[in-house]
Amino acid sequence: TRLLIHFCFNASFFHTFICCIGQVAELVAKCLQARELAYCPYSHFPVGAAILTSGGTIITGCNVENASYGLTVCAERTAIQRAVAEGHRSFTAIAVTCDIKDSFVGPCGACRQVLMEFGTEWDIYLTKPDGSYKKTSLRDLLPLAFSPAHLAKD
C-alpha cells in the first residue's frame, strides 16, 4: 500500500509538473505573439506581455504608443487592463518580452507597481526573442513595495 500511495503522489506531482511546463511554454509563446502586435512607431521598441490568471486563462497585451509620449501604455499594463475588463482579478504569472537579444529585460517601475496591485506572489518570466526565459518573482523585482495592504487603517 505504501508503494501505491507513493506512486500516486509522484504521478500526481509529475502531472502537475508537466502541466506547469506546458502553461509556461504557452505563456512565453503568447507574449512573443503579442510583441508582434505592438504599436510603437516612435520608439520602434515592441514589447509583449502575457498574464496567467489563477483560473488558467492567458490574457495578452502589447505596448501602445502615442504622439503625446506620456499617454503611451506599456504591454504589461495593457494586459492587466484587458484582464480586469474581462473580470479577472487574481493572477499567478506574467511573461514579458522585447527585441533585446543579449539580456533579459524586466518590466518598468510603473508596471511593477501595477502588478503589485494584484498581489505579491507573481512568477515573472523575462523572455528573449528566441523564446528562452529567466524566471524571477515580483518580490525580487520590487522589494519593499508599496501595496494595498499599506492603505489598511489600523
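The backbone N, Cα and C atoms fix where each Cβ goes, and this holds for glycine too.
Features as listed in TrEMBL:
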- 1-19: signal peptide (SIGNAL)
- 22-149: domain 'CMP/dCMP-type deaminase' (DOMAIN)
- ASN63, VAL64, GLU65, ASN66, ALA67, SER68, TYR69: substrate binding site (BINDING)
- CYS74, CYS108, CYS111: Zn(2+) binding site (BINDING)
- GLU76: active site, proton donor (ACT_SITE)
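In sequence order, CYS74 are the binding-site residues from CYS74, CYS108, CYS111 with a C-alpha within 10 Å of the C-alpha of VAL64 (substrate binding site). Sequence-distant contacts of CYS74 (Zn(2+) binding site), defined as residues of its own chain at least six apart whose C-beta falls under 8 angstroms from its C-beta, comprise VAL47, ALA49, ASN63, PRO107, CYS108, ALA110, CYS111. In the predicted structure, the domain 'CMP/dCMP-type deaminase' (22-149) carries a mean pLDDT of 96. Each of the binding-site residues ASN63, ASN66, SER68 was scored by how many other Cβ atoms lie within 10 Å of its Cβ, and the smallest score goes to SER68. ALA67 (substrate binding site) counts 8 other C-beta atoms within 10 Å of its own C-beta, drawing on all protein chains shown. Looking only at the binding-site residues VAL64, CYS108, CYS111, the densest Cβ neighbourhood within 10 Å occurs at CYS111. Local packing around the recorded positions GLU65, TYR69, GLU76 was summarised as the count of other Cβ atoms within 10 Å of each Cβ; on this measure the leading residue is GLU76. In sequence order, ALA75, GLU76, ARG77, PRO107, GLY109, ALA110, ARG112, VAL114 are the residues of the same chain, not among CYS74, CYS108, CYS111, whose CB sits within 8 A of the CB centroid for the Zn(2+) site.
Same-chain residues that are not part of ASN63, VAL64, GLU65, ASN66, ALA67, SER68, TYR69 yet have a Cβ within 8 Å of the Cβ center of the substrate site turn out to be TYR39, TYR42, LEU71, THR72, VAL73. Note on the domain 'CMP/dCMP-type deaminase' (22-149): DSSP counts are 42 helix, 31 strand, 55 coil. In this structure the C-alpha atoms belonging to GLU65 (substrate binding site) and the residue listed as 'active site, proton donor' are separated by 13 Å.
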